[in-house]
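The block underneath contains the structure these notes are about, expressed in structure tokens.
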Amino acid sequence: MTVAVEYYVLLSAALFCIGLFGVLTRKNALMFLMSVEIMLNAANINLIAFSFYHGNLTGQVFALFTMALAAAEVAIGLGIILVLYRNFEGIDVTVPAAMRW
Amino acid sequence: MATAFELAPAIAALPLAAFVVVLLVGDSMPKKGAFAGIIATAGSLVLSLWALATVAGGEVYNQELYEWAAGEEIAFHFGILIDPLSALMLVIVSLVALLVHVFSLGYMNEEGETGLPRYYAELGLFTFSMLAFVYADNLLMAFMFFELVGLCSYLLIGFWFRTPSASSAAKKAFLVTRFGDYFFLIGVVGIAATFGTLSFAGESSFVVAAEEAISGGETLFGFGAETWVTILGLLVLGGVIGKSAQFPLHTWLPDAMEGPTTVSALIHAATMVAAGVYLVARMYGFYALSPTALAIIAFVGGFTALFAASMGVVKDDIKQVLAYSTISQYGYMMLGLGVGGYVAGVFHLMNHAFFKALLFLGAGAVIILMHHEQDMWKMGGLKDQAPVAYYTFLAGALALAGIVPFSGFWSKDEVLYDALILGLEEPIFLIAYAMGLIAVFFTGFYTFRMVFLTFHGEPRSEAARDPHPIGAAVKLPLIVLGVLAVVAGIVNLAPIAKLTGAEIVFLEHWLDGEYGAVEGLTYHEYHELMGHETSYIGSETLTMLLGAALSLGLAFAGAGLAWTLYNVPEPKEHTRRLGRAREVLGNNYYQDEYQVWLARDLTLPFSRTADRFDQSVIDGVVNGVSSVSLFGSGRMKRLQTGVVTNYAALLVLGFLALLVIFGINGGWFV
Amino acid sequence: MNEWIAIGALALVGLLIPLSMMAVSYLLRPSVPETSKRATYESGEVPTGGTRIRFNIQYYMVALLFLVFDIETVLLFPWAVVYRAALDSPDISLVSALGPMLLFVAILLVGLAWAWRNGAVEWTRAARRRTDYDRRPIDHE
Amino acid sequence: MALVQLESWMALAPTLLLALSALALFVIDSIDPDTTNRPLLAGTATVGSLASLAVAVWFITTGVGDPARRGELALFGDQLIVDQMALFFMVIVAVVTALISIASYDYLRGHVYQSEYYSLVLLAATGMSTMATANSLVTVFIALELASLPSYALVSILKDNRGSVEAGLKYFLIGALSSAIFVYGISLVYGATGHLQLEAVAENVGAEGFDGLLGVGVLMVIGGVAYKTASVPFHFWAPEAYEGAPAPIAAFLSSASKAAGFVIAFRIFTTAFPLEAMTEIGFDWTMAFVVLAIVTMTVGNFAAATQENVKRMLAYSSVGHAGYALIGLAGLAVDGGQIVLAAAMMHLFVYGFMNTGAFLFVAMAEYWGVGRTFEDYNGLSSQAPVACGALAVFMFSLAGVPPFGGFFSKYFLFTGILETASGNPWLLAVAAALVINSALSLYYYARLVKAVWFEDPVAGRGQLTQPTGLYVAVVLAGVMTVLVLPGFGPVADAAYAAASALGP
């Protein structure tokens, strides 16, 4: 029993949109970051599903790289959130808005 | 042993050196720097003569010396071109410059003028510019020195800059010639852009390129090749008309008489004014490609010859008369060149250089005699007081009037002859010929009016009764030039050659490259390019005799009328009989007035209107646009709210907009 | 598609059982509201301070280091899968099979050494760094 | 003929040298974590980037990557490729990195994290250099992240400065979102074609039947490169990141990072998505770039026009210039569009000097502490004429005033469009937008020149020191901006060669 690849795409698209929704609605920097991670994982689902579909491993390997880069991104992001907390006494991303226009 | 050509740069460099030296230490030099100038110009003369002899030996020199800017398409350089034409001109220029320097000893030094180092320095610079212009091997270099010549004449005309008239005359000369030079500059740029070269001679010259373009039937800048060549030629002609004081840009020249008379001699005989005509001769091959341009040259020349001669008739100031005669004579040269008489034009240029220098220096001598009085009505009877001045002046006058066998006759006659034979084939040119012919009468009249009023009759003023003596420095140049004015015609006795069959048209052979010439720059090649047909009344000899008789007759008629009217002890101002015509003539046909009117009453209001338009409409539009832009800017930057989630939202919205547009457009969702 | 019916039925059952149990419980239990029931600790301990406390920064540092090495294994994974096969293949030498990964680990080791030297693994905070940086405040008020 | 026969992987030497210098800096910092030996740190970074530059230039002159001479070098199963365009952009990256390293010598005086700063700069440069060679969507993404991640840290490296932190946060969040979109787009492209290597993608466009997915995926990839090049609508991070970041980092991001973003855009769209095949499946991507180019240059220039803060003005102008460079891709819509592409490359090259120089001048002003607005800059020329002269050169070059480098590249862009676009109304609209925006840009660039040169100096401003490194970098950038004029021939040749080798 195999699941048609379209369903994986739908799943990943749903996941992507969930992540996007989080990005747009969450003020907490950590939630923002998590939402981005969800979006990245949506891409991973696509990659792995299509890797299976096409019968080559390229997509799976790329998914590993994506995970690694996502981790690195989180590391940098946490660092930035840390200094954000120190400077603004909070991690609400809408607070730092001194630079505009 | 260096050859003449290796030393060629020194021909121009010597006067330049004199300029530098006199400018720096002139005040402490003997005669305030006059000797430096004399030595330098003498050196130039010797070298020029040597170069002339070398050319006569069959060699020519066309050498690029220094490349000062090079691009992929075109390179600009300084170079020297010494061919029969430029060698001849070098001699003329350096000779006249030398004589003017010598004369200045008597005219300027002995009169105790101040500012002499400046004077001699400027003379040196002037000579340098002209010599460098003469042997320039490309049009851009020619243009640069052309401009320098204009600058020097500005400086020299305004030598007595403390008198308002002198400084305004200087400004006028500068501005009017500059007006023409704009067109020249555009022409230079146009030629460079079209042909990618500015050289006068050689395989890579713009003349050759233009010839190929025409024969190849190319289209240049949207025009046929010949039309474009005509346009370029006419643009360059703008500079010529300004410099050579041709109608309608001649108005500066009479005013330029405000300068020292020596300067007038130099300007009129050999440098500034000659530069224009020389330029036409220099790039004659280019004009030869365009019959239209040549015809325009011919008509401008013929008209100017008549027009200026008619004004010369009513002038009272001796220098003014000469000034208008200069304009008129350059008109002849243009006429000659315009009708294909390359030799005739150059021949007249040479003769004119000698006799006009003579006449101006003679006038200078008269002015010395008259204690700086220039009104001819206050002169009279100087014949006996200053015989040297009188006889040399008379020789010059006879040459100017074109009385056989003086030099002017031969060249003027040849100009008219060339116009006639062309006119017989193409009748339109007969009009130009007729104008030239009538001008002969006027020339004879005003010349001898001047001679008689100045030298004959009874002295009409205290100064004329007790003239100031003139020295050897004055007499020597007069004598040299007097001799030349008498005999210079020998070099091209075309009528006699035609009658007798003797090979005595030396100048024609010279310019035709019999002794050596740069390929493509010879008389017969020009002739082939033009392809003018000519025809004769009866035979060639008959036509020639008829023409000569006609012009000679008119010259005698003019001179005779002057004789009857003015060669009397107490001449009267017969000009009153001219009635209203006198007023028109006396006011120079209102040329100045209409040009001032053009400038003040037409151009100025137009400019004001344009300015108002600019300030109200254009600025309004610009200001409107900028305030709209700035307003737009104010709105646009509000997009950047500073809140990062808004950015994310806008980013996603922007992306979705793209997705919807392209998705629906590309049918991705079906 | 009948396999899907089984899955759907399972999901349905999975949902229904807890919901029905909660409903039953709600119907059966007595309701006695009382303030002490709302306290955080019913034992009587009174909590002090906020629930959010600042962790030592070093937790974060260690977490990051863990992340790095965790991810390293992810990247080692595909290599490890093909390593044996690569060695058996006559076209690939030991150096070209092992070298890249050694290089990768070496680079990571440089990073680890740097982190170590800069105090990332010291539990007590090193007070050596001055933080007087930025004499040129770029204020945005 | 090279003196030695090099291994093919040595073609990556410009990139590897940058990476090695970064590692060397880590080693230095590991040996002495407290080092404030600024000459050593800045020197290592400068030497590394200059070495990279020298090798790249050497490769170009010896014909590496030239199909007619030594051939393009595809490495690691075609994942990386060293061709003329790669080398051209390696040069840009190396030049900007060198200028930044020199300038930072003074700027970082008193900074705590010096070695980290330089190593992050070099790592980011490594990433950008790799972007130039990336020939597969995998390597594109990895290189892009390698360039981005250190950049996030660099922007917020002034840890106690609220502006810097705010800038870093915004940059990071938008960057993370954009890279998520980018990688999702890549996954869709992979799904629709079954490949990630660019040529293989090109061969399989439309082969698998997921045309709609492919369209969405390509559009998402466009989003990814738009983020990296700061193009609308993915530009929102740019004004803040540039304004809040240390000025040398702003210079680095707006010059090198933008150029690197463009090189992947050029590479991906000329190689992986052949226009004909893409048009068949319903996505003429040149239209997308037409829209992006017009909108980007308009937004950038209009928003820049009324800025009071010099750095922010430059930031928006940087957005505007991204719009100019996007024309290169829009121009591929017509035959012979390689001319326009080459002109865009030239523009990025010149931009590398003039924009870096302008930001470094701002760095100098920050170093002096004179303030940030136009008024604060009033009359600086009386105290620092050389630097202000260089500033005038940068401004006029950015505005596209002859005879500076910026004029030529813009001129080539403009004439390139006009030459090829006859009858294509969209491209003519792009050309018109280019002209209008350039005219507008002259307004605000000239405003800065006016403030610096013609306004009366601000009263009470103290003596200005002459920081050697900053001066050297600014003057160097200024000289290069001018020298590009006579040197434009080789640059243009290299760009034309690079663009024509890409041919669709």
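A Cβ is built for glycine as well, from the same backbone N, Cα and C atoms used for every other residue.
Feature annotations, courtesy of TrEMBL:
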| type | residues | note |
| --- | --- | --- |
| TRANSMEM | D:6-28 | transmembrane segment |
| TRANSMEM | D:40-61 | transmembrane segment |
| TRANSMEM | D:117-134 | transmembrane segment |
| DOMAIN | D:134-431 | domain 'NADH:quinone oxidoreductase/Mrp antiporter transmembrane' |
| TRANSMEM | D:140-159 | transmembrane segment |
| TRANSMEM | D:171-192 | transmembrane segment |
| TRANSMEM | D:212-237 | transmembrane segment |
| TRANSMEM | D:249-273 | transmembrane segment |
| TRANSMEM | D:285-306 | transmembrane segment |
| TRANSMEM | D:313-333 | transmembrane segment |
| TRANSMEM | D:339-363 | transmembrane segment |
| TRANSMEM | D:384-405 | transmembrane segment |
| TRANSMEM | D:425-446 | transmembrane segment |
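Counting only same-chain residues 6+ beyond the ends of the transmembrane segment (D:212-237), those with a CB under 8 A from a CB of the stretch are 137, 144, 147-148, 170-171, 174-175, 178-179, 181-189, 191-193, 205-206, 254, 257-258, 260-262, 264-265, 268, 273, 278, 281-283, 285, 288-289, 292, 295-296, 299-300, 318-319, 322-323, 325-326. Between the transmembrane segment (D:339-363) and the transmembrane segment (D:249-273), the number of CB pairs under 8 angstroms, six or more residues apart, is three or more, so the stretches are in contact. Sequence-distant contacts of the transmembrane segment (D:313-333), counting only residues of its own chain at least 6 positions beyond either end whose CB sits under 8 Å from a CB of the stretch, comprise 229-232, 235, 238-243, 250, 254, 258, 262, 265-266, 269-270, 275, 284-287, 289-290, 292-301, 303-304, 307, 339-345, 347-348, 351, 355, 358-359, 362, 374, 398, 410, 413, 416-417, 420-421, 424, 426-427, 430, 433-434, 437, 441, 444-445, 448, 504. Highlighted: of the candidate stretches D:6-28, D:171-192, D:285-306, D:384-405, D:6-28 has the greatest count of Cβ pairs under 8 Å to the transmembrane segment (D:117-134). Tertiary neighbourhood of the transmembrane segment (D:384-405): same-chain residues 317, 321, 350-351, 353-355, 357-358, 361, 364, 411, 438, 441-442, 445-446, 448-449, 452-453, 464, 466, 471, 474-475, 477-478, 480-482, 484-485, 488, selected by CB-CB distance under 8 Å and a gap of 6+ residues from either end.
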